Amino acid sequence: MTCRGRTLREQWIRAKYERKEFCEPGNHLLYEEGAFLFPYLTMVLLCGLPLLFMEFSIGQYTRLGPVHALARICPLLKGVGLATVFISFVFCTYYNVLMSWALFYLFNSFGATLPWTSCNNTWNVVENCSSGFPGNTSHLQSASQQFFDQRLLQKTNGIEESGGVRWELFGFLILSWVIVYLCIFKGVKSTGKVVYFTAVFPYFILFALLINNVQLPGAKNGILYFVTPVWDKLFEVKVRLLMSECKK
């Protein structure tokens with residue numbers, strides 16, 4: 001009875017933590033002005049939430065992982081479970097690359113001067129670099145854009161030049177995988193503790209950024225740009241593709 005009760009508690013804890021994960025802010029909550037919120041929320045209500053509760057129901061009923069849970073309902077659906085695991089792996093590899101970029105920025109931000117705020121670095125192309133975009137900007141790049149292109153990615157002139165291995169990013173990528181492993185290696189218990197931080201901490205960061213941004217010159221115009229709907233954007237193909245990315 002004790003083992004069964006412990007198992008049931010663990011299952012309900014998992015559901016609680018998964019609901020917390022679902023409530024985290026998306027990567028493109030505001031895109032192409034505020035009009036994107038309407039199709040985004042529509043797809044969440046019509047697609048995201050039904051799929052989420054369906055997976056919750058199947059998981060609670062079968063008490064199994066995605067592969068065996070769907071196979072228990074119908075053996076033909078075992079491939080669907082395998083596909084979900086594979087998709088999760090693909091997304092993990094993609095997001096870990098973004099995490100390595102974030103770690104690169106984090107470790108480069110401990111200096112007295114942020115390296116992406118000036119054009120006095122070895123990787124800058126001084127002739128077309130600007131830290132403030134004064135005057136004619138048709139042939140200029142921001143210092144932050146040059147930091148991303150020339151320092152972080154070290155872009156080549158074309159696809160015919162493969163370039164070398166970015167060992168710094170490779171190290172940060174390994175560190176990202178280590179962080180992921182430390183977050184999940186104990187199963188639901190360790191993941192749940194991490195979710196308490198990852199689901200709440202972004203809101204504090206966004207609030208801090210909001211306080212900083214409203215004090216900048218022209219802050220009102222910038223905020224209005226993001227929240228004012230431009231309904232013509234809804235008919236663009238790029239926005240419709242993002243609408244279809246409704247997932248957990």
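The first residue you see is number 1, and the count goes up from there.
Cβ coordinates are placed from backbone N, Cα and C, and glycine is handled just like the others.
Disulfide connectivity taken from TrEMBL links C119 to one of C92, C129, namely C129. For C119 (disulfide bond), other Cβ atoms within 10 Å of its Cβ number 19. Away from its own ends, the transmembrane segment (169-187) comes close to residues 92, 96-97, 99-101, 103-104, 107, 152, 194 of its chain (Cβ-Cβ under 8 Å, at least six residues beyond either end).
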